[in-house]
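Step one of this worksheet: look at the structure below.
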Amino acid sequence: MDQLLDVETLKKLSPEQQEQVISGVKQQAALANAQNLVTDISEKCTNKCITAPGSSLASGEKQCLQRCMDRFMESWNLVSQTLQKRLQEEMASSGGMGGGFGQGPSFS
């Protein structure tokens with residue numbers, strides 16, 4: 001399902017087709033999320049740690065980059081887990097309806 005579907009069209013799909021659309025959207029979102037993460041880490045850690053660009057990294061720059069990436073990943077994981085938990089709580093409190101598409105998978 002490469003084309004964009006509006007809500008009315010999605011409602012007309014079978015539950016299996018809805019799950020397929022949702023799965024595709026989740027995969028695209030995960031890929032975009034990973035690309036954004038790599039871009040953010042590269043920009044932030046490079047700007048912070050590499051003070052004198054050259055043909056190789058100094059040992060202090062390597063250590064700084066490693067610590068920066070580790071902290072960034074830890075923070076990103078914490079934020080992701082917190083967001084996922086909140087989405088799951090919202091889904092549970094709203095009766096578990098997946099955005100009006102029935103009992104299919106959620107976007108959490």
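Glycine residues also receive a Cβ, built from the backbone N, Cα and C atoms like all the rest.
In sequence order, Ile41, Lys44, Cys45, Lys48, Cys49 constitute the residues six or more apart from Cys68 (disulfide bond) in its chain with CB-CB distances below 8 Å. Per Swiss-Prot, disulfide bond is recorded for Cys45-Cys68 (among others).
Sorting the motif 'Twin CX3C motif' (45-68) by DSSP state (H, G, I as helix; E, B as strand; all else coil) yields 15 helix, 0 strand, 9 coil. Annotation comment: Swiss-Prot describes 45-68 as motif 'Twin CX3C motif'.
Counting every protein chain shown, 19 other Cβ atoms lie within 10 Å of the Cβ of Cys49 (disulfide bond). What Swiss-Prot records for Cys49-Cys64 (among others) is disulfide bond, and it gives similarity to another entry as the kind of evidence.
Sequence annotations record features per position, and here Swiss-Prot assigns region 'Disordered' to 89-108.
Look at Swiss-Prot and you will find 95-108 tagged as compositional bias 'Gly residues'.
Taking Cβ-Cβ distances under 8 Å and a sequence separation of 6 or more, the neighbours of Cys64 (disulfide bond) in its chain are Cys45, Lys48, Cys49.
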